[in-house]
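**Student:** First the structure, then my questions, so here it is.
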Amino acid sequence: MSVQHDFDLTVFNTLALKSQCSDYVALTDHNDIEPAIRYAKAHGLNVFVLSGGSNLLLPEKFRALTIHMLMQGKEILSENADEVVIKVQAGEIWHDFVCECCAKGYHGLENLALIPGRVGAAPVQNIGAYGVEAGEFIETVWAYDLKQEQHIQLTAEQCHFGYRDSIFKQQAGRYIIYALSFKLLKHAQLRLNYADVAQRVGEDATAEKLLQTIISIRQQKLPQPEQFPNAGSFFKNPVITAQQFSDLAEHYPNAPHYQQHNGMQKVAAGWLIDQAGWKGKRLGDVGMFERQALVLVNYGQASLQDVQRTYEQIQTDIYQKFAIRLEPEPVLLNQFGEISPHISAC
Ligand code: EPU
């Protein structure tokens with residue numbers, strides 16, 4: 001285990017925010033987690049766990065031990081004629097894993113193709129797209145519990161998966177995920193509940209065709225971080241009460257919305273931002289992408305302050321226009337490497 005000092009994280013966060021941490025270690029073996037924690041304790045440092053860096057807002061400098069989860073490997077734990085349980089290490093690239101599973105005939109994750117990041121981050125915000133969430137297929141999560149100071153295994157039920165939510169988000173900083181297993185299907189049950197997806201896949205739908213369709217939809221709509229540094233959807237889709245929704249619908253009968261099980265309504269943050277005139281609009285180096293208003297892009301050398309200035313302005317505008325609060329999706333880190341709550345601008 002070799003610790004590096006004053007380490008530059010600019011290339012390790014997809015928003016390309018300039019950032020340096022005081023201490024950094026790349027881990028390729030989960031047995032090095034405990035020595036890394038001992039190092040952090042001995043030096044009075046917090047531990048910050050870095051995965052693919054695709055959902056992160058980093059300060060210019062912070063004092064912490066960054067543990068970069070780069071462990072690789074996949075193994076089949078069990079299989080029968082219908083299902084396979086596959087264990088995968090946290091450092092594997094998510095999209096490569098999804099493609100490899102589909103090619104081997106292990107199905108379920110196709111709708112989640114091209115989501116940036118590494119496998120270990122998937123359960124944290126329960127990544128989801130086109131009607132599928134990772135949590136539906138996760139069977140077990142292997143993690144180190146910093147509170148109990150021991151290695152643990154959690155079942156999917158114990159992970160409390162919800163929309164962009166899990167125990168790992170609710171108890172941020174407690175668990176270091178180093179592997180997970182997925183139960184996948186050998187006979188694909190294609191999830192085509194998104195009209196756009198169903199239409200493009202067409203009549204002779206196969207899992208491979210669905211995978212390629214999702215890839216092409218995302219390539220058309222969403223900016224690739226290598227070209228336009230971004231952190232995916234920047235805001236969560238707000239969930240509002242039936243009363244708030246009927247107030248909205250009175251003025252905007254075409255507002256896209258998704259009825260929730262509890263009577264609440266989820267509205268499309270991208271639509272709200274678009275309606276407020278922010279699609280393609282910039283404040284300095286930071287702006288909302290011209291083909292998808294939900295994605296905030298760093299068009300130059302933006303700092304965290306530049307990003308905050310822009311998204312707070314958007315929050316204010318949306319609140320004034322629709323009386324709806326937008327909550328940023330990416331994780332915000334403070335100067336001590338701790339995950340901090342976003343301060344709402346309104
Ligand atoms: N819309 C606009 N203008 C825009 C963007 C969207 O009017 O600029 C409208 C669309 O026409 C549509 C609605 O808003 O009626 C919803 O848009 P879309 O279907 O593109 O999905 P989304 O709600 O914007 C969510 C996820 C994405 C995921 C897609 C597809 C969240 C916060 N985002 O986006 O996830 O890929 O659905 O399932 O839930 C991510 O988390 O990084 C991400 C990209």
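Counting starts with 1 at the first residue shown.
Just so you know, glycine gets a Cβ as well, placed from its N, Cα and C.
Bear in mind that TrEMBL entries carry predicted annotations, made automatically and left uncurated.
TrEMBL lists 17-187 with the feature domain 'FAD-binding PCMH-type'. Look at TrEMBL and you will find ARG164, GLU329 tagged as active site. Taken from TrEMBL, the feature active site, proton donor applies to SER233.
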**Student:** Which residues, sitting 6 or more apart from ARG164 (active site) on the same chain, put a CB under 8 Å from its CB?
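**Tutor:** For ARG164 (active site), the qualifying residues are GLN125, ASN126, GLY128, LYS236, GLU329.
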**Student:** What same-chain residues, at least 6 away in sequence, bring their CB to under 8 Å of the CB of the residue listed as 'active site, proton donor'?
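**Tutor:** Once residues fewer than 6 apart are set aside, the residue listed as 'active site, proton donor' is near ALA269, GLY270, LEU294, VAL295, GLU329.
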**Student:** Near GLU329 (active site), how many other Cβ atoms are within 10 Å of its Cβ?
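**Tutor:** Its Cβ has 19 other Cβ atoms within 10 Å.
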**Student:** Reduce the DSSP letter at GLU329 (active site) to three states and note it down.
**Tutor:** coil
**Student:** Need the DSSP three-state call for the residue listed as 'active site, proton donor' to compare against my parser.
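**Tutor:** SS state of the residue listed as 'active site, proton donor' = strand.
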